[in-house]
Ligand SMILES: N[C@@H](CCC[C@H](N)C(=O)O)C(=O)O
């Protein structure tokens with residue numbers, strides 16, 4: 001069954017995590033065919049519903065049986081709910097941090113899960129979550145994001161400017177640039193409209209690019225920074241959970257720290273990232289804003 005040809009209309013939910021927005025499709029038995037063209041049309045803000053990405057909610061075992069996944073990812077059981085994530089251009093990515101928060105909120109608020117701690121499956125492996133609070137619209141969720149692995153350095157060109165950064169693997173690839181002396185106003189003025197140019201030799205599968213102001217201590221002694229992000233397969237988004245973890249890892253490393261906490265403001269809100277030598281967490285909000293039904297033939 002293709003997404004387009006469901007006779008009785010396919011239900012969807014629209015949600016976001018710090019305004020990184022998603023179409024959520026419940027498909028427990030993995031019966032839908034999500035081809036790239038269809039996902040791109042659904043995520044298109046003029047042709048379709050409009051979103052940065054799509055989250056299919058399916059049982060991990062069903063995705064293996066249907067051949068969407070080759071095998072159960074590490075630490076993920078057949079009965080665990082799996083976040084089958086697609087970028088807005090239809091491409092598949094290994095992980096989406098904001099997506100996991102929205103996904104966890106969705107399965108908890110709809111009763112597919114009846115506990116506040118559980119595991120979400122992703123192509124990058126198991127992502128344990130804690131639901132701190134939720135109702136039908138809002139939730140506050142922490143995601144265990146695993147180890148953010150530093151992997152050397154590279155550069156990105158944005159307009160006429162070259163930014164050096166740290167390559168960071170958070171399950172998906174990032175170039176996290178902590179830019180010395182960059183103010184919040186400078187960051188807001190960066191022009192992403194022509195895209196970003198990364199080194200293909202350093203990132204054979206592409207990368208997400210983050211620009212971060214150097215962290216400063218706020219009045220309470222907490223570290224705070226601001227970030228913007230240009231996502232692989234999407235373009236500039238108002239937030240990127242894996243990017244926030246990558247940027248925190250790079251910023252703490254630049255301060256000689258392999259652990260610590262950082263609050264980060266992004267255009268879509270604010271999150272808290274904690275880095276430990278053996279892992280990392282991302283804490284922030286989720287919102288489920290609308291329910292809808294796709295009309296048969298919507299894509300013609
Ligand atoms: N917005 C996401 C990341 C989505 C995947 C990314 N665009 C990629 O291709 O790796 C997040 O919140 O982490």
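From the backbone N, Cα and C atoms, a Cβ is placed for every residue, glycine too.
Annotated features, as they stand in TrEMBL:
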type: ACT_SITE; residues: 96; note: active site
type: ACT_SITE; residues: 96; note: active site, proton donor
type: ACT_SITE; residues: 240; note: active site, proton acceptor
type: BINDING; residues: 20, 87, 97, 98, 172, 208, 231, 232, 241, 242; note: substrate binding site
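The subset of recorded positions (20, 96, 97, 172, 231) lying with their Cα within 10 Å of the Cα of the residue listed as 'active site, proton acceptor' consists of 20, 96, 97, 231, given in sequence order. Neighbour density for residue 231 (substrate binding site): within 10 A of its CB lie 28 other CB atoms from the protein chains shown. With respect to their backbone Cα atoms, residue 96 (active site) and residue 172 (substrate binding site) stand 8 Å from each other. In this record, substrate is bound by 20, 87, 97, 98, 172, 208, 231, 232, 241, 242; the longest C-alpha to C-alpha distance in that set is 17 Å.
Packing around residue 241 (substrate binding site) is summarised by its Cβ count: 27 other Cβ atoms lie within 10 angstroms of its Cβ, all protein chains included. Around residue 97 (substrate binding site), a 10 Å sphere centred on its CB holds 30 further CB atoms from the protein chains shown. Other than the site residues 20, 87, 97, 98, 172, 208, 231, 232, 241, 242, same-chain residues with C-beta atoms no more than 8 angstroms from the centre of those residues' C-beta atoms, the substrate site, are 53, 93, 95, 96, 99, 229, 234, 237, 240, 243. Close to residue 20 (substrate binding site) in the fold, though at least 6 residues off in sequence, lie 52, 53, 96, 98, 99, 237, 238, 239, 240, 241, 268, each with a CB less than 8 Å from its CB. When the active-site residues 96, 240 are scored by other C-beta atoms within 10 Å, 240 scores highest. Taken residue by residue with DSSP, residue 20 (substrate binding site) is part of a strand. Less than 8 angstroms from the CB of residue 172 (substrate binding site) sit 93, 94, 95, 96, 124, 208, 232, 242, each of them six or more residues away in the same chain. DSSP assigns residue 231 (substrate binding site) to a strand in the three-state reduction.
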